[in-house]
Amino acid sequence: MQEVGEPSKEEKAVAKYLRFNCPTKSTNMMGHRVDYFIASKAVDCLLDSKWAKAKKGEEALFTTRESVVDYCNRLLKKQFFHRALKVMKMKYDKDIKKEKEKGKAESGKEDDKKSKKENVKEEKMKKEKEKKKDGEKEETKKEETPGTPKKKETKKKFKLEPHDDQVFLDGNEVFVWIYDPVHFKTFVMGLILVIAVIAATLFPLWPAEMRVGVYYLSVGAGCFVASILLLAVARCILFLIIWLITGGRHHFWFLPNLTADVGFIDSFRPLYTHEYKGPKADLKKDEKSEAKKHQKSDSEEKSDSEKKEDEEGKVGPGNNGTEGSGGERHSDTDSDRREDDRSQHSSGNGNDFEMITKEELEQQTDGDCDEEEEEEDNDGETTKPSHEKS
């Protein structure tokens with residue numbers, strides 16, 4: 001009967017610590033929004049708490065996981081939380097009935113048209129099988145290729161229902177919170193708001209000095225807000241004037257981050273920004289792109305020239321041998337040319353000889369004999385002076 005009674009201060013403190021430090025999730029249960037936690041995480045949370053450490057002259061409240069489970073069973077019996085059951089969401093009964101009725105109606109019609117559609121169905125089945133095979137192949141290829149985005153895992157929907165066996169078990173069991181204490185921060189914020197409202201209603205009773213101070217503070221805050229709004233309008237007007245005068249070439253913004261989603265100090269930095277969007281800017285862009293292209297072409301030419309030099313260096317040592325062989329080849333070609341000329345000349349003479357008659361041959365032989373006699377006479381004359389000199 002003591003366990004079912006009111007909870008002690010220690011139990012409330014443990015439950016409060018567990019409520020605000022154990023990770024929880026929210027879902028719907030029987031039409032209400034509830035928070036639930038998992039048993040294993042609750043046990044881990046309490047084993048890391050101050051109650052798991054021994055104090056001077058006192059033993060630790062939580063030493064093992066079993067001791068934590070026993071203590072959580074006490075909290076469960078005192079209605080701090082209760083055990084729930086996860087039930088996966090299935091199709092509604094109405095949808096199932098509609099599908100059955102449609103199936104019956106279609107089956108009655110199909111009995112009349114079976115003879116006509118049997119061949120068509122077989123062909124469709126074959127095509128579907130082929131498509132499935134192709135789809136599986138494509139999916140395997142996509143999975144193998146790196147960089148392809150993975151498909152999002154669809155989370156299974158479930159709902160919570162009260163469990164029949166209300167016992168705390170260490171594991172993946174689900175427990176729904178009943179105990180919902182007010183956090184200390186929310187309590188403090190609420191208290192401050194209440195005090196501020198009461199103080200504002202009692203403004204006429206404030207001292208004169210405080211009322212004058214509050215008046216100047218409110219006027220200063222209003223002027224500050226108004227100045228920011230005027231600055232936002234003025235900067236847009238200044239931008240439009242400069243843009244119209246320069247024909248859209250100069251884009252000048254004063255306090256560009258004034259209306260941006262940044263901090264208070266960052267909204268005033270930088271003081272201004274200026275961009276020139278005229279023809280010169282386009283020319284500069286073109287020049288930069290051309291310079292990059294030239295650099296690329298120069299680097300490619302250098303690499304080609306280096307390759308050629310390497311190839312020439314490899315070929316250089318073998319030039320001496322090739323020169324000698326080249327001289328021999330030139331001599332061979334000259335001798336071949338001479339032989340060809342002689343053969344052509346002899347072939348020409350042979351053709352002439354075939355056309356000459358006997359009388360012409362006799363005249364040629366007589367001329368040859370006379371030439372030989374004249375040569376002999378000349379040789380004799382040359383030999384006489386040589387003897388005289390001796």
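Positions of Cβ are set from backbone N, Cα and C atoms, glycine also.
TrEMBL annotations:
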- 98-145: compositional bias 'Basic and acidic residues' (COMPBIAS)
- 282-314: compositional bias 'Basic and acidic residues' (COMPBIAS)
- 315-325: compositional bias 'Gly residues' (COMPBIAS)
- 326-344: compositional bias 'Basic and acidic residues' (COMPBIAS)
- 362-380: compositional bias 'Acidic residues' (COMPBIAS)
- 381-390: compositional bias 'Basic and acidic residues' (COMPBIAS)
- 98-157: region 'Disordered' (REGION)
- 282-390: region 'Disordered' (REGION)
- 187-208: transmembrane segment (TRANSMEM)
- 214-245: transmembrane segment (TRANSMEM)
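Long-range contacts of the transmembrane segment (187-208) within the same chain: residues 214, each at least 6 residues beyond the stretch ends and with a Cβ under 8 Å from a Cβ of the stretch. Within the chain, the transmembrane segment (214-245) has long-range Cβ neighbours (under 8 A, six or more residues past its boundaries) at 203, 206, 251-255, 258-259.
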